[in-house]
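Copying in the features that TrEMBL gives for the protein in this structure:
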- A:S331: active site, acyl-ester intermediate (ACT_SITE)
- A:D355, A:D370, A:H376, A:C389: Zn(2+) binding site (BINDING)
- A:63-238: domain 'Penicillin-binding protein dimerisation' (DOMAIN)
- A:272-608: domain 'Penicillin-binding protein transpeptidase' (DOMAIN)
- A:20-40: transmembrane segment (TRANSMEM)
Amino acid sequence: MWEHSFRDKSAERRLFRSRALTLAIFIFLMLCILAWRMAYLQINLYEKYKDLSENNRIQLRPIAPNRGLIYDRNGILLAENIPSYSLTLVPERVRDMEQTIAFLDQLIGISERDREQFEKRQGFRRRPFEPVVLRHQLSEDDIAKVMVNRFYLPGVDVEAQLVRHYPQGETFAHVLGYVGRINQQEQATLDTDPETKRRYSATQFIGKLGVERRYEQDLHGEVGYQKVETNARGRVIQIIERKDPVPGQDITLHLDSRLQKLAQKEMKGMRGALVAIEVATGGIVSLYSNPSFNPNLFVTGISHKDYSELRDNPDLPLFDRAIRGQYPPASTLKPFVGLAALNSGITSWNEAIDDPGWYQLENDERLYRDWKRIGHGKVNLERAIVESCDTYFYDVAVRAGIDNISPFLAQFGFGRNMTLDISNALPGLLPDREWKRAKRKSFWYAGDTVNLGIGQGFMLVTPMQLATATAVLANRGTWQVPRLILAHNDIEDEIPHGDIADIQLKNPQDWEQMYHAMEQVINGTHGTARRLRSKLRYPIAGKTGTAQVVGIKQDEEYDSESLRERWRDHALFIAFAPVENPEIAIAVVIENGESAGRTAGPIAQSIINEYLGGAEG
Amino acid sequence: MANTDFSRTMGGHHQHGFDRSRAWFERMHIDLILFLLILLLAGCGLLILYSGSGQDMTMVKRQGLHFLIGFIVLIVTAQFPPRFYQTVAPWAFAIGVIALIGVLVMGVGAKGAQRWLELPGLPRFQPSELVKLALPLTVAWYMSTRPVPPRLFDLFKAMIIIGLPTILILKQPDLGTSILISASGILVLFFAGMSWALILSMIGIVAACAPLMWFFVMREYQKQRVLTFLNPESDPLGSGWNIIQSKTAIGSGGIDGKGFLQGTQSQLEFLPESHTDFIIAVLAEELGLIGVLALLTLYFLIIMRCLYLSSRCETLFGRLLSGSLAVTFFIYVFVNIGMVSGILPVVGVPLPLVSYGGTSVVSLLTAFGLIMSMYTHRQN
């Protein structure tokens, strides 16, 4: 009706045209804004976005170097790298995460722990389409199952990587240590230095303990890189540039697998440790602590169950007794105290005392008893060593005095970790006046010296220290710093002597005399280790020791049977052979082994036989 | 009546082609210039799609089919006279609104939004697509029955017509479409001569309502998009990823581009949705600023041609409708390129006739068919 009545058609048209023109101008301006915006991005910010798109396209992918291998002195492999397969997920490509994981669980089993770790890893900073590990250590069977079902599992893949493997298992666990995944704390430490951050940019594993940790620098190698063009999914389209990683150095240790295995076999069922040192070089040929554990469990992450089993085992398989077990040296200290007494000039080989079976200090009621109640009668130094006469050593120790004995013992490495490359070894304890004042807030009493004379009281040694001291003794006071390392990449290490002074006796003949006395410990009719004689193949010098167990608290949870067992004395034995020209020095500690002649001695003897036999044959 | 000169001036009366002196396209109610411009744009669109889809020929062929259907619909649409559309407009609108209510009651959801309607015997469809055309049609019809310039009360009633589907679509929720649909309606009012004072106060009201929208209307994901728009680097791997990658694609194209099919951002899949919403970034990366300006020019020419045609329409209804459709088309272009180049928040709006998608192609070409119908059907 409006159209036919009073509409002003030309006015309507004019109004429309003016509105259309207004909008046309507006649209032109708005399109100019778009054009300006595009020009701004493409001209002004061109360089920035060109770099960004290059960075998108080009990825610098670090390549992990292969970790150096570890050999024993005979070239037997102690640590190698073997391929291991991991299951990875690309979260961006997984349609239904819950369902996918549930399906994988049904296929190959995904533990609760795997899931937790996966959640955690997803939270870490990563590029989109970067795979995240869900499960490690897939078996051939697992891989096959995943591959067959690949169609139903978008975003799921299997990745190969090299992981550490210890073919000798438990035999070398304590000494080699193991590698494990770099944890967040270690990562933070690595990241503080740009150089280590770069070096470890592709590395997943790091030495956690033992040789693996001590020689981490050498074993690790140099990271390589690959400049690749990738798509947004991280798939490599082409390799633009590549710098190969430099594998870590192979290292050869002085350790001898034959001895190490023998030590393991001989100590089966016992708790204890054995350290054997090549006298001429200081090379540690055997370093064993029993019981041991399987280091392979730790490499890709030990399960909670396996770990609690190890941790809660009352025999403490994770405890490295050889370098961290601290025991009273007991009578094994006597040869060293004897030399201290001789060197201080208060006695000589000919001088004898009368042993009634006890010793008494002047102005003191207390009787210090000999292990032999009725006494040894007339005893000189040699006899005191052979029969392990306590009274004799009470006497010479008191006469020589703590101020002579303690510094003399220190020359043998007691009270310090004297090894070249075992960084976590404990120092033991060599007491003196100063120590007692500082730590016990008390004076040094003559009674303390009496105890020290027979290696009891405050003094503590590790099997490592005992073996070191024995090697120095066998080397007539000349130091060869104990070491594990023999060669890097088959080139023998030349290790400077260092600042350790050799031991100069006032009368060098005393060395030979002491050897003779210690030989009589085995060969003499009254020698405390005379039962070794029957199997003697090489002339051995040795000394037994029986340490009282005082450290265990009564309330620890042992059943009465084992409690009684654990209150028995520790058996210690040090030895070197052959006597005239010593090649190997050894220390054995068997916890609660009671008689050193029966337990520790035979073990040392069989190691010596094997070592010297092997050298001949 | 035998006088051919006379019959030529009477033009519109002879609808059935016995007048041999008129060109075929005039007889088919096609505006040749607009048709060729659209054809050119479609051709460019297919080329860019070939690159943006990762050289997926099946996708290009399917889009070609969409165009074929679209052009058929365009031609068919152009054949009906404006009077026909005036008659069907309110009915189409009513059906559209009922369908929108149907979506809210029984719609099919995707990604937390209900946009699809599935009725037995009918293909699954999106009622908002129908409303995209029905709303400007209806508002144009209504305003053409009112005096010009419109009275306040008529404008108020027109706002109700616009508001009803807008709110329904907002409920789905689909913020982008509801804004575009309401814009197409408001544009009709603008062309009808709504006073500038009213326009400015409406802009004022919208600005004042923005905070209310933020707190009461917008969903969490929409707010997230806006926040990401303001600072894409705040979430570089999540919602910011798209915009960072598209800006990188555009910027790294430079003036002359990396070359057709040579764009690393698009070909290496760093650019998301490179065949749909973000396809302009593919063009910008591979053909550079030159390519972008060429495309903008093409769009500009199409819009200008449409505005020219609309101002030449005989009926007020035709002018209002085609003017509104032309500017709505521009809004699509502006919103899409604005969002891909990072000056507008990311809302899911395709680039007209370039982004892959059948619904969008067919409904846009239908709109062009309407514009041609409005212009070519002349009355006494």
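In case you wondered, yes, glycine gets a Cβ from its N, Cα and C as well.
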Tell me, how many other CB atoms lie within 10 A of the CB of A:D355 (Zn(2+) binding site), whichever protein chain they belong to?
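Excluding its own Cβ, the number within 10 Å is 24.
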Near A:D370 (Zn(2+) binding site), how many other Cβ atoms are within 10 Å of its Cβ?
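The answer is 24 other Cβ atoms.
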Note the Cβ centroid of A:D355, A:D370, A:H376, A:C389, the recorded Zn(2+) site, then list each other residue of that chain whose Cβ lies within 8 Å of it, in sequence.
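Filtered neighbour residues, in order: A:G357, A:K372, A:G375, A:G377, A:V379, A:A384, A:E387, A:D390, A:T391, A:Y392.
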Cβ distance under 8 Å to A:C389 (Zn(2+) binding site), same chain, sequence separation 6 or more: which residues?
A:D355, A:D370, A:K372, A:H376, A:V379, A:R383
Would you count the other C-beta atoms found within 10 angstroms of the C-beta of A:H376 (Zn(2+) binding site) for me?
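23, counting other Cβ atoms within 10 Å of A:H376 (Zn(2+) binding site).
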What is the average pLDDT across the domain 'Penicillin-binding protein dimerisation' (A:63-238)?
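Mean per-residue confidence for the domain 'Penicillin-binding protein dimerisation' (A:63-238): 89 out of 100.
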